[in-house]
Amino acid sequence: MTPVGLLFKVNSEGLFTCPVNASPVDYAKIYPDPESEKAIMGSVVYCIHHKEGCQWSDELRKLKAHLNTCKHDAVLCAAQCGAMIPRVLMQDHLRYTCPRRRANCEHCHKEFSGSALEEHQGNCGHEPVYCENKCGAKVQRRHTQQHIQQHCSKRLVPCRHCGQRYTQDTVTAHGATCSRAPVPCPQRCAAAPVPRDELDAHLRDHCTAAGVSCAFRDAGCRFKGTRQALDRHTEESCQQHLALVSALATRQARQLESLRAAVARLSVNCSGALVWRITDWAAKMAEAKCKDGVELLSPMFYTSQHGYKLQASLFLNGNGAGEGTHMSVYIKILPGEYDALLRWPFSHTVSFTLFDQSSSPDRACNIVESFVPDPTWKNFQRPSKEPDALGFGFPRFVSHEMLKKRNFVKDDVMFLRVKVDPSKIVAV
Ligand SMILES: [Zn+2]
Ligand SMILES: [Zn+2]
Ligand SMILES: [Zn+2]
Ligand SMILES: [Zn+2]
Ligand SMILES: [Zn+2]
Ligand SMILES: [Zn+2]
Ligand SMILES: [Zn+2]
């Protein structure tokens, strides 16, 4: 029951609503109170599209008639697409959004229905689109493949000199550094341009204009000139070149000499012990037996880096008391470079060891003899520049009998150790 005097409101869908709780009300079922109805129908209302901008306002009874013409009221699309469109927007709808409208593609100008046009858009072959290689160009969609293959500045093209692939807009810049690009000879010779990476070889080996050095440069010839001039120079300078080479050979011989001396200094034995390897033993023994006084001399060695200079001496067929029956060994003190700084007489213990080369080391029986120098002996004084021929040692070091008993000689080789010990003062 609607109280008299209260006005129904009309919502956005055109329905009357209860003024109390705003729920929709069926106009036909409102209790007909003729007095109230009359009052209601006569009451002044706004158009239901007032908010959209319709200014119409009149008695309620005239609203229905107004809505038939109200430009804000929605009606079915005139092209029968089924949409409800406010009259005021119908023109726009029919022109731009109605799926049943007829329209032309702005790119290819073909006519389509609205829905077909929407599908067509994004596929039209005439629409200009940006190149997918991001070269910045805009080409019609139907020409993109051709553009990418033939015109795009970002397409890969091979360098015509080296064959490496570069984008079309960088291949020219690459040519300025390409190792295979031909460049003219900087000496301006008559040769055709050569690939950049062969230029050095050209200048070195083939260029007729480049200055080349004389082949005798290392020998001291300073000549430098073109290849032709060099040929002439080489022909004319035989004498001069020969003199340069000869001088060089002399210089090098001197260098070799000093190098040899340096190597000898470095390789000299300064350990105070010498293991003397005597090879071709049988032949040497045979020689000693048929000739008198055959003496074998060991390599020189030093007692320390700046010590006494020593040499061992060996008579295979004996000497003095051992002649013909024994092998004799001696030590000689040679004039050395550091004698002035050393103590005299020489007083280091000297020992000789003849090695038994038995295959089982446990059963090997070496022969060892040693002595402490007698300070009164002339042999142990500082040697003069012309030293004594004989040293000091053992004329009867080992008998020929004994030599045969054990493996002192094996594979025609004998080993004799000579050891000088400054700390020992007692002979073994
Ligand atoms: Zn209206
Ligand atoms: Zn429509
Ligand atoms: Zn089109
Ligand atoms: Zn492109
Ligand atoms: Zn290249
Ligand atoms: Zn050249
Ligand atoms: Zn020369």
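Any Cβ shown, glycine's included, is placed from N, Cα and C.
On the 0 to 100 pLDDT scale, the domain 'TRAF-type' (65-118) averages 90 in this prediction. Residues annotated as domain 'TRAF-type' in TrEMBL: 65-118 (among others).
Here TrEMBL flags 120-171 (among others) as domain 'TRAF-type'. Residue counts for the domain 'TRAF-type' (120-171) under DSSP, split into helix (H, G, I), strand (E, B) and coil, are 13 helix, 12 strand, 27 coil.
Feature annotation from TrEMBL assigns domain 'TRAF-type' to 173-230 (among others).
As annotated by TrEMBL, domain 'MATH' applies to 271-420.
According to TrEMBL, the zinc finger annotation covers 65-118 (among others). Broken down with DSSP, the zinc finger (65-118) shows 19 helix, 12 strand, 23 coil.
Annotation source TrEMBL lists zinc finger at 120-171 (among others).
Residues or ranges marked as zinc finger in TrEMBL: 173-230 (among others).
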